[in-house]
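Have a look at the structure below before the remarks.
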Amino acid sequence: MEHHPMIETSTRWPSPAKLNLFLYINGRTENGYHELQTLFQFVDHGDELTIQANHSGDVTISPEIEGVPLQDNLIWKAATALQNYAHCSFGAHIELHKVLPMGGGIGGGSSNAATTLVALNYLWQLNLTDDELAEIGLKLGADVPVFVRGFSAFAEGVGEKLSPANPEEKWYLVVRPNVSIATADIFRHPDLTRNTPKRDLETLLNAPSVNDCEKIVRMLYPEVDKQLSWLLQYAPSRLTGTGSCVFAEFSSKSEAETILAQLSDKVSAFVAQGRNISPLKETLAEYQSASHRPI
């Protein structure tokens, strides 16, 4: 068996959250998909994956997520999709250290899938490009390519047109109201705004940021409305994605932490800084540098 420096080595990889700093719905395509303009930014807070590549050919994950069969786990789906795409016979054991809420609108599952693709592409030495990994990722979820590419991005169309963006790296207080929101229900709602005019990124960055889904989510989910109303007393605040997470923006960590301290202990919340280069990209570069392989 050939020598493979990364096999049986335990490695740690971040799986960061994202925020939609704005989200506009511009119309619908002929096949019913919504056309969007949205700005993705990563934050320096998220899950962590400990990954050990091996020769088994199998992908194992711990801990098991209650109520989610292995075949439905996005980490497993990402790893096996990569195996199939690259005709790869290596395996891996992946341990998920879960911090981000499921279904919160901050990209937890999509980020896990992207971290799996990026890490195993490196550990299995497949040398696939970001374009190839993003193509695999798109079949797993619409937001996966953003996490794979690892740069803040302005997304258009049905979310597939990505261009790099460089918004200010502010501090955020992210709060998760204790409700689960089905994205499909929001996009199907008859009162959803679907005719916001398209604008270029520079115009959008200089205009007040809005999430077109927010009005409907606040109407349907009183917990979200209550939390947003509370945050808006202190700072510009809005919904990310279709929720349920909401966020307030601040110019300093201390300001954000002061407001966090006023929240009830029963409320799930965290403070994080926006990052235009994903912590995942930075970790990959560190591993590549340490092994003297070109980036």
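Each Cβ is built from the backbone N, Cα and C atoms, and glycine gets one as well.
Summarising the annotation, Swiss-Prot assigns active site to Lys18, Asp143 and lists sequence analysis as the type of evidence. For Pro101, Met102, Gly103, Gly104, Gly105, Ile106, Gly107, Gly108, Gly109, Ser110, Ser111, the entry in Swiss-Prot reads ATP binding site.
Distribution of Swiss-Prot features across the structure.
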{"residue": "Lys18", "record": "active site", "Cβ within 10 Å": "27"}
{"residue": "Pro101", "record": "ATP binding site", "Cβ within 10 Å": "17"}
{"residue": "Gly103", "record": "ATP binding site", "Cβ within 10 Å": "19"}
{"residue": "Gly105", "record": "ATP binding site", "Cβ within 10 Å": "27"}
{"residue": "Gly107", "record": "ATP binding site", "Cβ within 10 Å": "29"}
{"residue": "Gly109", "record": "ATP binding site", "Cβ within 10 Å": "24"}
{"residue": "Ser111", "record": "ATP binding site", "Cβ within 10 Å": "29"}
{"residue": "Asp143", "record": "active site", "Cβ within 10 Å": "24"}
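Calculated from their C-alpha atoms, the gap between Pro101 (ATP binding site) and Lys18 (active site) amounts to 12 Å. In this structure, Lys18 (active site) is part of a beta strand by DSSP. Reported as a whole number, the C-alpha separation between Asp143 (active site) and Gly105 (ATP binding site) equals 11 Å. The ATP site, placed at the center of the C-beta atoms of Pro101, Met102, Gly103, Gly104, Gly105, Ile106, Gly107, Gly108, Gly109, Ser110, Ser111, has further neighbours from the same chain whose C-beta lies within 8 angstroms: Ala17, Leu100.
Proximity to Lys18 (active site), judged by a C-alpha distance within 10 Å, picks out Gly105, Gly107 from the binding-site residues Gly103, Gly105, Gly107.
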